[in-house]
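According to Swiss-Prot, the features are:
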type     : residues : note
TOPO_DOM : 1-388    : topological domain 'Cytoplasmic'
REPEAT   : 4-50     : repeat 'WD 1'
REPEAT   : 58-97    : repeat 'WD 2'
COMPBIAS : 104-115  : compositional bias 'Basic and acidic residues'
REPEAT   : 230-287  : repeat 'WD 5'
TOPO_DOM : 410-417  : topological domain 'Lumenal'
Amino acid sequence: MGRRRAPELYRAPFPLYALQVDPSTGLLIAAGGGGAAKTGIKNGVHFLQLELINGRLSASLLHSHDTETRATMNLALAGDILAAGQDAHCQLLRFQAHQQQGNKAEKAGSKEQGPRQRKGAAPAEKKCGAETQHEGLELRVENLQAVQTDFSSDPLQKVVCFNHDNTLLATGGTDGYVRVWKVPSLEKVLEFKAHEGEIEDLALGPDGKLVTVGRDLKASVWQKDQLVTQLHWQENGPTFSSTPYRYQACRFGQVPDQPAGLRLFTVQIPHKRLRQPPPCYLTAWDGSNFLPLRTKSCGHEVVSCLDVSESGTFLGLGTVTGSVAIYIAFSLQCLYYVREAHGIVVTDVAFLPEKGRGPELLGSHETALFSVAVDSRCQLHLLPSRRSVPVWLLLLLCVGLIIVTILLLQSAFPGFL
């Protein structure tokens, strides 16, 4: 796991904070911006077309959606609907991509210069309902409903996610409240205080249970607004000093080859920065009783974000120092690591989906992880397919070993057989 470089897939004209991949179209969606400050740095959501060209995965800018003075800090995807966390609000976007016959001129006076962003040329920003057409692919993005989701003195929505059937979305922010909203009307259906202080992350399970982690060092499991249990990762964890830890991220994941199986994965980081930083930890939990199954150290770099692959096979991690790693979910062993890939905090990571266009784009690799950071770059991390020995070859080797053993015994002891 030495030093290596990850290929740069795309560079945006603004800091990137959030990332999603649409499995049906293969669109990579990256969002961010410079915020409301008048620094000249724009805010937007970029839709990138992924293509496999000569065995290499590439990304080209297909559409740039202007978010005016609001930088998108977090994203969730449900079919053709995006939920974007922008300051204290959640903005729903709908995007539609389909093939067109022939190339048509771009509508709405677009100044887009083609699907690939040319060096030195700023991408055009698209207003509500704008369309872009390139090489037969049309993309239309429109703003839907928006609602304020956080009401603290310094309000900020920090996380958003959809439920399993995409009919509800949950938000959390700096005021410590979880709020659940209908999709797409954004009518509020539930509100409750989950943490004292900021909510760092939340995850909705297929059975409706909600897991929240906060800066108050707690991780809680909820059924609607009723507390089911609190997580205690140290019950099955390592023995260490009295250094306080807090939960940084949580994600549900499937159990490979077990359709009914469910796992919860959490990341624990030191609550305070120390001169000699203690390690961070990954924990796998039983998704039904929320007991810890396995805990492993994931290094001394503070983890900033977590993602789980679609099949639940792999975990992707980003750190505040810019490193990116891929772990296998079963044993929590590290399979891939790039130190300081970005050189600055990794703000989000996302796996290439394993359905839809995913297998076509993956090529001969086992999985692909995308990472974005404040350095405005989107990087690609590929895990080569692990070589395995065919069963027939193992059987042949066993038979050969038996024959050689018999011949050796026969030569050493002529009357043995």
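Note: Cβ is positioned from N, Cα and C throughout, glycine not excepted.
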Tertiary contacts of the repeat 'WD 2' (58-97) (same chain, 6+ residues out, Cβ under 8 Å): 9-10, 14-15, 17-22, 25, 27-29, 31-36, 42-52, 112, 114-117, 123-127, 130, 132, 134, 137-151, 155-162, 166, 169, 171, 173, 181, 183-184, 186, 348, 378
Helix-strand-coil residue split for the repeat 'WD 5' (230-287), DSSP-based: 4 helix, 31 strand, 23 coil
Segment-level pLDDT (mean, integer) for the repeat 'WD 5' (230-287): 89
Secondary structure content of the repeat 'WD 1' (4-50), with strand meaning DSSP E or B: 0 helix, 25 strand, 22 coil
